[in-house]
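Trainee: I am attaching a structure below and will ask some questions about it afterwards.
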Amino acid sequence: MKLFVFLALFGAAFAQRNGFCRLPAEPGICRAFMPRYYFDVEKGQCEQFIYGGCKGNENNFETLKECQDACGEPERASDFEKADFETGCKAAPETGLCKASFERWFFNAASGECEEFIYGGCGGNDNNYENKEECEFACKY
């Protein structure tokens, strides 16, 4: 009986904990400009969005790791793609035309290392990676 109660409570807590991961990204009604992460059910991974600072829903995380810990596994190297070296690794980083402030990674061909830069959210070029691991997989190895 105790095992049944434990399993029932554990199952309910697990379902409740992950239920919010199915909610869509909700920027809220305010006009702040806060890069956040949400779990995209269709893509099966955490994605970045802009949060306005109030309202919204529980599918809203300050870091990629928080989102992955709550809703899904981190990406594996096998999920990444190799880049065309000329367009995806040699190009200088481009902020793009929009005014967002996303932390991204680019491959610095001169140093042979992946480095952070600020991406505006649209435009830019292919030398633009969501994390260091993706950049290194695409350009370094």
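The backbone N, Cα and C atoms fix where each Cβ goes, glycine too.
Okay, so Swiss-Prot annotates it like this:
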- CYS21-CYS71: disulfide bond (DISULFID)
- CYS30-CYS54: disulfide bond (DISULFID)
- CYS46-CYS67: disulfide bond (DISULFID)
- CYS89-CYS139: disulfide bond (DISULFID)
- CYS98-CYS122: disulfide bond (DISULFID)
- CYS114-CYS135: disulfide bond (DISULFID)
- 21-71: domain 'BPTI/Kunitz inhibitor 1' (DOMAIN)
- 89-139: domain 'BPTI/Kunitz inhibitor 2' (DOMAIN)
- 1-15: signal peptide (SIGNAL)
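So where do these features actually land, and what's packed around them?
Mentor: DSSP gives CYS71 (disulfide bond) a helix state.
Taking Cβ-Cβ distances under 8 Å and a sequence gap of 6 or more within the same chain, the neighbours of CYS54 (disulfide bond) are GLY28, ILE29, CYS30, ALA32. According to its DSSP assignment, CYS54 (disulfide bond) is coil.
In this view, CYS46 (disulfide bond) is surrounded by 27 other Cβ atoms within 10 Å of its Cβ, with every protein chain counted.
Cβ neighbour count for CYS139 (disulfide bond): 24 (other Cβ atoms within 10 Å of its Cβ, all protein chains included).
Long-range Cβ contacts of CYS122 (disulfide bond) within its own chain (separation 6+, distance under 8 Å): GLY96, LEU97, CYS98, ALA100. In the three-state DSSP assignment, the secondary structure recorded for CYS122 (disulfide bond) is coil.
The Cβ neighbour count for CYS135 (disulfide bond), using a 10 Å radius and every protein chain shown, is 26.
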Trainee: For CYS71 (disulfide bond), just count the other CB atoms lying within 10 A of its CB, please.
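Mentor: So the Cβ neighbour count for CYS71 (disulfide bond) comes to 22.
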Trainee: CYS89 (disulfide bond): which of the disulfide-bonded residues CYS46, CYS67, CYS71, CYS135 have a C-alpha within 10 angstroms of it?
Mentor: CYS135
Trainee: Rounded to a whole angstrom, what is the C-alpha distance between CYS114 (disulfide bond) and CYS21 (disulfide bond)?
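Mentor: A Cα-Cα distance of 31 Å.
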Trainee: Where does CYS46 (disulfide bond) sit in the DSSP three-state scheme?
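Mentor: SS state of CYS46 (disulfide bond) = strand.
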